[in-house]
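Colleague: Let me give you the structure first, and then I'll get to my questions.
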C-alpha cells in the first residue's frame, strides 16, 4: 500500500508501508537528492532498454494559466499538471530557498489554535469539500447538494463548526490518502476501510476501537488498509490524542553507557510509558503499550493483548545463520500521530494502517545507523570486507537483509510488497490520476525508495509537489509545547489494573465493532418473498452488525462507494430481467465503471440484456477481467468499490431459461467494480428447497461477514438461534391493539404494495371459448374513467388486486383461537428489546399491514391459498398440541425433498394444512405477521387506447384444477375465478405496469412476427387494434405483420378468430398461421413447428436482413422452445454455428428487436417442471453435503421443450 513514515518523535523513524498516508509516508526517512525542477532536470544517460510504445501522448492544457510541464526522462513523455492549480496551501519553499528535503517543515505542521477558526475561513473550506463530495457522486448542482451546503453554512454560523455525514467522512479519508504527496502506494486509495469512532468519549473506548482496528487490519496476515477516526477538534476543548507514533512499536531502553537496547527511535515514548506505569522488559523487540488521551484528561496506559500483535521472525532463504540473529518485525504498520483534515475540520486522532514495503524494514528500520544498525553485523557474518567502501559491502549486506525480509513475510503469509512492484504501481497511479484529475501531487525525494534508486521507474519521473485538501498533516507531539495541556503524569497503575483494562477491552471489542460496522441489505422483489428473506437476513445480522434493509428503488447506487458491507437478495423477473423495483438499480450498476473494464472498447459497453441474458451465455469480458482480478495484487487499482464486501442471493425458478439471471448480474457487476465477494452467489429455486437454500446461505454469509469484520464470536450460534422456530416467533412478543376507523381499500392496498392503486369498474365479462369447452377464457372489459394513472400503451401490463374467496376466509376465521371482534380494526404490535444507544424497550407497531379487521386482512391483504413455507410449518409445529402432528410438521419443515414432494402433490392451502393437522392452534398475531402478502396478478393488456379510449381489456384463462393427481380438493385461481364472477359496475383495484420493451416499433414499415398461443395472444390484440387505427384513421400503410397463434382445437378455443380474420382482410396481417395441438384428425402441432416448417426463411429475413422485430408471448416452456427454434433457424438459414446464432439473438434482444412477454408455469408444464425439480433436488442435496459451494453457476441452462 503506501509507504508510511512515523512522525513526531525524531526525524526519521520509518513507519511501515501502512497507508502511505500523510506528508511523510514513504520509503525515505532522510532527504534524498532533491528532485530536479520540473522541465529543468539534467538529461540522464540514454536508457538501456527501449522506451515502451504505450507512453501517454503530449497533451497541452487549454489556453489560460500556465501549468507545470512534467517529463518522464526514461520514455520521453510529457504531461501538464493542471491539478496543481487547486493547491490549498503554499509549500515550505521560498523564492530563494528550497526546503523540499526537510522532513517536518514547520509550515506544514498543524497546531491547535487559540479559539475557534474564523467563520469565513472554515466556510470556504467546508464549501470546497462539500463540492468535491457531490462532484464525486455526480450530484453536483442537485437539490441535495444545495440543501447540504445550506445545512453546513447554518451549522457553522450557529456553532462555529459542523459535523460530517458518515459518507462524507469516508470520502474525505480516502481523498486524504489520495492527496498524500509522499506516499508511493496510493493506487489502493479507494480500498481504505473507514471506521467511524466519532462517538468515542473516553480513553478506554479509544483503546477498544484501536484493538478492533488492529484485529481487522491484521486479518491473520492478509493485511487490509483501514483508518479509525476519533472525534474532531473543538475550540476550547482538549484533543483526543494517541501519543505513540505507531500503534505497534518496539521499545528503546537507554543504557548506562549511552547506548540503546531495542529501537533507538522510540526511547522518548518508552520513557513516557514507564513514567505512566508500564513495567518494562529488557528485550530488543518488546512491544510498547499505548498512551491514549481523552480531551482535558491525562493520558492513560493500555497494554496491547499479545494475540493482537502479529510478528514475523526473520530468516534467509539460503543463509542459515541469519535466523540466529534473533531479528523480528511486526506485521502491521499503523501511523497514529498524524492529523486528518477534511473540509476545515481537524481530527487529531485518526490512526491508519496498510502494509509494509520491504525496503522500509530491510533498509530503514534495520540498517539506519540511528535505528537497529545491523548492517555491519550481517556483513561480518557474510565474510565481506568491511575495511573499504569500494568492496560495496554495505550494498551486498543490504540486499541480503531485504531478501530476508521479503522471504520471511512471504513464508509467514503476511502481506508485503517489494520496492520495484510498489514504484511500478505508483507510475500506474500517476497515469490514472493524470486521466482522472489532470495531475497528482508527489514528493520525488520521498517517492524514490531508499534502495535501487535509478533502477526504479519513479527515479526518472519528474513530479510536482503541492498540497490538497483533504489531507494528512503533521502535528506537534502532545507532550511538547502548547500541545501538552492536561498531560500531567498520573499515578502508576498496578499490574492488576492494567490486566483488568485489557480484559474489559477484550469483552467490549465485539460490541464496539458491531456498533460501527454497518450492513446494507438490498432487496428486489416482485412477489414479496425476496423482501421477506431480506428482513430475515436483517434480523440475523442485527446480532453482530448495524443493518438496514432497503428496497433497491430506495437506494442511491452512488452510496456503494462508501459502503463496507452490502448483502443483496433479489428475484429475477420474466426472461431474466430485474424485478420492477430493481430496474433503476440495475441500470445505474451497469453504468458504473470498474478497474478491469475501463477501456473504451465497444464490447465492454454491452447492456444488461446482452451481457447477462444472451442465449449462448458467452461473455469474453467476464473471463478477461476475472483473469486480471486473479493476477491483481496490492499494487493494482482498487476500483470504485474497493472497500465494499458483498454477497448475493438470487431467487428464481429453473423452469425459466435465465435462472437467477439478475442475481448473477448483480454479483458479477459488484466484483467487476472492485468489490470483494465474501461468499459465492447463493441461488434458491422455487421448484425445490428455496427456503432451505436461503437458510444455509444466510448462515454462511453471516459467518463470513463476522470473520471478515472480526465480530460475532458466536456467529454460528446466532445464526442457528435466529432461524429457530421457537426464537423467530414468540406468542408473548406480539399483541393486537384496537385502532381508530381504518382507511378505505385503495389507500390500504397502496400501503401494502407500496404503489398507488386505482379503481376501475367492470363493463362486461365474456367467455371466449365454445360452450362445449370444459375450460373458460374470458374477455374482461374495464372502465378506467379516463384516470391518468390508468393510461397505457399496447403491450403494457395491468396489475389486479383480487380478494380471497369468502368461503375460504370464513373457514379460516373459524380456526383462529383468539379472534378480535369482527368489526374492530386492529394492528399488530411487537415488543422490541431495545439496544445500547437505540430506542428503549417497548411495544412497536408492525408497519406491514394498515389497521384493518382480521376478516379484511384475510380477504384483501394476506395470501391464504399458497402452500405454507417450511418456516411457517416450523412455527405451526410449535403450536401443535398432538406430538405426532408436531413431529410430522417438524419433519416436513426440515427435509427439503419431503417438503417439496408434499407441496407438489397436495399444493395445500393454509386451511387444508390446518385440516391435516387439526391440533394446531392459530393465534391471530401469527396470521397477521407470518402469512405472506396477497400479491397482485399481472395480465397483458388486450386493447389499444386508440380503439377503446377509457377502457382496458384483459384476456384471462380461468384456472380450476384438482390436486393429488386429480383426486384432491378443487382449487381455483384467485384472480381469474373472482373476475369470472364479476358483474357490470363491480369495482376492480388495479394499476398499470409499463412494458417498454414489448411495444411495436416506432417505424410502422418494419416487418413484425407475432407468436402467441392461447392467452399469449392477449397483447397482440392491442397491437392489431393499434395498427387498424393507423390504417383507417391516420391513413398509414404499415408493413403487414405475421401472426402465429396456437390452441388446442379449432372448434373450442380458437380465441379472437373473427377479429383476426377481419384485421387480416383490412391489411394488418399478411399471414396468419394457427397450430392446433389437439384437433381431431390432425397431427399435434405447436407454434414452434410452424416457425420451423412454414416460416424459417421469413424469420431469418425479418430478423437478419430487414431489421424487423419478433414478439413472443406465452408461458415459459413455450417461449423457451420458440427461442431454441429461432436459434436453429438463424444457424441454418444464416450458415452459422449454433453459438453464433445465440449471440445474434443476444444482439437482437439488446437492440430490442426480439421481444418476450413470459408468464409463469401452467398446468401444461407439469412434466417439464417435474424433471427440473428432480435435477434441482440433486444439486441442492450435493450443496447441503458440501459437494458444491453455496454459489454455483449451473453448467447449462435448462431449456425444456413444449
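A Cβ is built for glycine as well, from the same backbone N, Cα and C atoms used for every other residue.
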Colleague: Given that Swiss-Prot assigns 775, 1015, 1077, 1078, 1084, 1086, 1088 to the NADP(+) site, pick the one from 748, 754, 993, 1048 that the record assigns to that site as well.
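Modeller: Record source Swiss-Prot; matching candidate: 1048.
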Colleague: What does Swiss-Prot list, out of 753, 797, 1155, as binding the same FAD as 937, 939, 940, 955, 957, 961, 974, 975, 976?
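Modeller: Only hit among 753, 797, 1155 in Swiss-Prot's FAD site, alongside 937, 939, 940, 955, 957, 961, 974, 975, 976: 797.
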Colleague: Write down the one residue from 84, 101, 814, 822 that Swiss-Prot lists together with 445, 446, 459 as binding (6R)-L-erythro-5,6,7,8-tetrahydrobiopterin.
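Modeller: The candidate from 84, 101, 814, 822 that Swiss-Prot ties to (6R)-L-erythro-5,6,7,8-tetrahydrobiopterin along with 445, 446, 459 is 101.
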Colleague: Of the candidates 660, 706, which does Swiss-Prot annotate as part of the FMN site that also includes 525, 526, 527, 529, 571, 572, 653, 686, 690?
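Modeller: According to Swiss-Prot, the candidate sharing the FMN site with 525, 526, 527, 529, 571, 572, 653, 686, 690 is 660.
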Colleague: Can you tell me which of these residues Swiss-Prot lists as phosphothreonine: 784, 1165, 1174?
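Modeller: Among 784, 1165, 1174, the residue Swiss-Prot annotates as phosphothreonine is 1174.
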Colleague: Within 8 Å of the Cβ centroid of the FMN site residues 525, 526, 527, 529, 571, 572, 653, 660, 686, 690, which other residues of the same chain have their Cβ?
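Modeller: Once 525, 526, 527, 529, 571, 572, 653, 660, 686, 690 are set aside, the remaining close residues are 530, 651, 652, 684.
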Colleague: Between the binding-site residues 525, 527, 571, 653, 1088, where is the Cβ count within 10 Å the lowest?
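Modeller: Counting other Cβ atoms within 10 Å of each of the binding-site residues 525, 527, 571, 653, 1088 gives the minimum at 527.
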Colleague: Looking only at 775, 1015, 1048, 1077, 1078, 1084, 1086, 1088, the residues listed as binding NADP(+), what is the longest Cα to Cα distance in Å?
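Modeller: The widest Cα-Cα gap among those binding residues is 24 Å.
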Colleague: For the domain 'Flavodoxin-like' (519-702), what's the mean pLDDT in this predicted model?
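Modeller: That stretch averages a pLDDT of 80.
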Colleague: Could you state the CA-to-CA distance between residue 775 (NADP(+) binding site) and residue 527 (FMN binding site) to the nearest Å?
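Modeller: Just about 27 Å between their Cα atoms.
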Colleague: Could you check which of the binding-site residues (474, 525, 797, 955, 975) sits closest to residue 1015 (NADP(+) binding site), going Cα to Cα?
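Modeller: If we rank 474, 525, 797, 955, 975 by Cα distance to residue 1015 (NADP(+) binding site), first place goes to 955.
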Colleague: Cβ neighbours within 10 Å, counted over all protein chains: which one of the binding-site residues 775, 797, 1048, 1078, 1084 has the most?
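Modeller: Max Cβ neighbours within 10 Å, all protein chains included: 797.
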Colleague: Nearest of the binding-site residues to residue 1088 (NADP(+) binding site) by CA-CA distance, picking from 571, 686, 797, 961?
Modeller: 797
Colleague: Considering all pairs of residues in 525, 526, 527, 529, 571, 572, 653, 660, 686, 690, annotated in the record as contacting FMN, what is the maximal C-alpha distance expressed in whole angstrom?
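Modeller: In whole numbers, the farthest two Cα atoms are 16 Å apart.
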Colleague: Quick one: pull the CA-CA distance for residue 183 (heme b binding site) versus residue 571 (FMN binding site), whole Å only.
Modeller: 44
Colleague: Using DSSP, would you call residue 1015 (NADP(+) binding site) helix, strand or coil?
Modeller: helix
Colleague: Starting from the Cβ of residue 183 (heme b binding site), draw a 10 Å sphere and report how many other Cβ atoms land inside it.
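Modeller: By my count, 37.
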